[in-house]
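Annotated features, as they stand in Swiss-Prot:
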type	residues	note
BINDING	G165, K166, S167, I190, I231	NADP(+) binding site
Amino acid sequence: MAAIIDGKAIAAAIRAEVAAGVTALTAEGGAAPGLAVVLVGEDPASLVYVGRKIAQTRQAGIRSFEHRLPAGTGEADLLGLIERLNRDDEVHGILVQLPLPRHIRADRVLDAIDPLKDVDGFHPVNVGRLSIGTDGLVPCTPLGCMLLLETVIDDFRGLKAVVIGKSNIVGKPVAMLLLERECTVTVTHILTRNLPDIVRTADIVVVAAGSPGLVRGDWVRPGAVVIDVGINRIGEPGKDSRLVGDAAFDELGHAAAITPVPGGVGPMTVACLLRNTLVAARRQQGADASPKKGA
């Protein structure tokens, strides 16, 4: 039977490490990390997610600065706020909650964030640093995937990894992180020809395709590790609806280990946001940035 990789427990351990790191930073005479969270509009899912982020931020000893703007806020006004936050020495991390209203170009907003404060890891500078293997701020979900894998894999060198999904948020960066660990990586997507045959070659499968139950039991070889990033709600809202991943969990008992949905990758994203905020604060204050990328 596949071992269940408990993302909730691992995320809790990371949050505890971050809290200890904040205490150590202030004991060294540094300022506690500060995270600015910017929310434009009243999207219900975004409101819930931002509330969760802020609560966990405060529990870790990180100061939070919340900026809620009306849905009609202009792009220029939002860019002006980002510029002020870039100059604010009390703010070490800036997070703009996505999605933004349609009249605001998300790429312009994300590109305006100081790369040193880009705790989501989406700025082109941080993407470039990741691609060449130098220290930057790593996107939170891919970083969380790697930390989960590290709990069940001691040596990544030479392992065959198949990533299903090519997004800039998960697929591409997690592929680069796996390459950094000397895996042999194949990036695929839902239109890839002979996808099941490709997945069957993998020691590690990371699926982030947004397709419920895409990876079937006969796609995965015995002993492989499956990281399921998918979060899909199926069924009628308020009745029999439930969250499922992109892998057919009940068919994958022959895997060595697998993340559940919910309770796998999801909790790691916010935990890694806190981790990135601590790293950003230490770097901006001239302290050792430990923990480093991929550690």
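Even glycines carry a Cβ here, placed using N, Cα and C.
Most other Cβ atoms within 10 A: among the binding-site residues I190, I231, that distinction falls to I231. With a cut-off of 8 Å between CB atoms and residues at least 6 apart in sequence, the same chain places A208 near S167 (NADP(+) binding site), listed in sequence order. Neighbour density at the Cβ, taken as the number of other Cβ atoms within 10 Å, is lowest among the binding-site residues G165, K166 for K166.
Annotation note: K166 (NADP(+) binding site) sits in a coil segment as assigned by DSSP. According to DSSP, I190 (NADP(+) binding site) is assigned to coil rather than to any helix or strand.
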